[in-house]
Amino acid sequence: MVGIKPTDLPPTATVKFFGAGTAACFADLVTFPLDTAKVRLQIQGESIAASGSAVVKYRGVFGTITTMVRTEGARSLYNGLVAGLQRQMSFASVRIGLYDSMKQFYTKGSEKASIVTRLLAGCTTGAMAVAFAQPTDVVKVRFQAQVRQSDGLKRYNGTMDAYRTIARDEGVRGLWKGCMPNITRNAIVNCAELVTYDIIKELILQYDLMTDNLPCHFTAAFGAGFCTTIVASPVDVVKTRFMNSSAGQYNSALNCALTMLTKEGPTAFYKGFVPSFLRLGSWNIVMFVSYEQIKRFMTKMQYSWESPF
């Protein structure tokens, strides 16, 4: 990221790669209940349309969390956590950890990068991450969306069972279901998230508003989370609906979006906006603050190992 002083030890690509995955896992542990509530709110309109019932089960992010704890137990808030951590370790390591390397690739090693170059780097690492880690995202969404039936049965009994069941019932392609809308979403998310954080942090340091420390990282991360939520929510809702759909329910992600528009109206694309912002805002803050500290710690440790005297 920008803002590293010449006197600081520059983190290597390896440090950034593993640091990003670790920080993202920590952020997921903190914010996972908000993400689960967001998924339930996003698919709620679909459930109502399918059943023909006008009863709204979930109301607001905290109402959704309360309802889930009361009807399914507190553990339901962490449905899909294992897949979520698998996703972040593989996904965030690529899309965040390789962002600076990709930026330098497009600038041919120069430290000065235009907004276009940053957007291009964000799109590239976002698409690479989805192509690599999509199965973990599909399983995570399926777990978060599943509700325990009245007979106590669940759609999937465990993370590995989910991978096997999806591959058996829907084919291997089922594990990459929604890959294209997810690539679109993550290209948008990566650009909004990383580029916004990059620019806000750069401006803060450029005008000496703060030093390159926790308050600066917090402010830049909060701004990045807000911008990302506004831009990415419509694509995120379509991605969640499409990945959670049964075989043949939608012909494509575009068909899913058109069905939502005709049956539920344009506001359907911003279902779960508040939990999305609460989740993305808090996730960005925890992730970026952790990432910056992990980079510094790992770099110092690496330097001390290489230069013990």
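Cβ atoms here come from the backbone N, Cα and C positions, even for glycine.
Whatever TrEMBL says is automated annotation, not expert-curated.
Taken from TrEMBL as is:
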- 11-105: repeat 'Solcar' (REPEAT)
- 113-203: repeat 'Solcar' (REPEAT)
- 212-297: repeat 'Solcar' (REPEAT)
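Counting residues of the repeat 'Solcar' (212-297) by DSSP class, helix then strand then coil, yields 73 helix, 0 strand, 13 coil. If you take every residue in the repeat 'Solcar' (212-297) and average the pLDDT, you get 87. Note on the repeat 'Solcar' (113-203): DSSP counts are 73 helix, 0 strand, 18 coil.
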